[in-house]
Amino acid sequence: MLSFNKFFPLKKYFLEILILINFLFEALTGFFMLFYYIPSMGKGYESTLFIIRDVAFGYYFFNMHLWGANFLLFFSILEIVKIFYYKLYENNKFLWVFTFLFLLFLFFEYFTGILLPMENNLYWKVERVMEIIRDIPILNFIYSFFFGNFLINEFVHIRFYIFHSLIIPFLSIVILILFFLNFERKNVHNFYFFDIFIIFTIFLGILLTLSILFP
């Protein structure tokens with residue numbers, strides 16, 4: 001009887017590879033938009049529209065970046081569930097710590113990213129989140145330390161941009177490296193290029209489809 005493992009030996013690490021591929025997609029699409037986005041409250045919306053309407057393939061890159069962010073959050077939450085469900089933390093107590101930190105950075109990345117297009121609905125979403133943070137002592141202190149105040153102005157906007165495009169991605173890369181270094185190492189020789197290519201192709205197809213059908 002044919003075994004699924006024979007044709008897809010990576011199924012045990014499927015979620016982890018999917019997170020890595022998803023993260024690389026976010027990095028590439030985000031890097032592409034850095035060339036055209038203007039980090040300013042006055043120009044943020046205009047430059048976002050320019051990316052979507054006038055830049056070659058900008059529409060697809062923007063929507064793939066948006067959908068990819070949602071998928072990355074979802075996959076990372078699933079990874080936390082997987083670690084606790086299969087009790088993977090018993091053999092490696094740092095595994096869930098790195099996963100939790102990565103998820104925390106993703107939420108922060110998502111929060112700083114939704115302000116950048118300066119779209120009206122997204123702007124007020126950030127305002128509502130700020131109101132919640134303001135009422136939580138620890139989060140209030142952390143936010144005030146990095147951003148100064150709870151008013152959305154040029155000072156806060158440029159800091160959101162720096163955190164979203166530089167600081168948080170760098171910290172996320174460090175956490176990902178630590179995560180994979182601490183992940184179970186046995187059967188590591190089974191990481192076949194063909195299987196990773198299949199995951200990459202399927203995920204790219206899903207992102208493109210969603211970007212076209214549900215912009």
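Each residue, glycine too, has its Cβ placed from N, Cα and C.
Where the annotation comes from TrEMBL, it is an automatic prediction and has not been curated.
Keep in mind that this is a model prediction, so the values were computed, not measured.
Here is what TrEMBL records for this protein:
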type     : residues : note
DOMAIN   : 1-192    : domain 'Cytochrome b/b6 N-terminal region profile'
TRANSMEM : 12-38    : transmembrane segment
TRANSMEM : 69-88    : transmembrane segment
TRANSMEM : 94-116   : transmembrane segment
TRANSMEM : 136-152  : transmembrane segment
TRANSMEM : 158-181  : transmembrane segment
TRANSMEM : 193-214  : transmembrane segment
Cβ-Cβ under 8 Å with the transmembrane segment (12-38): same-chain residues at least 6 beyond its ends: 44, 46-48, 50-51, 55, 58, 61-62, 64-65, 68-69, 71-72, 75-76, 78-79, 82, 116, 165, 169, 172, 176, 179-180, 183, 187, 191, 196, 199-200, 203-204, 207
Reported mean pLDDT - the domain 'Cytochrome b/b6 N-terminal region profile' (1-192): 85
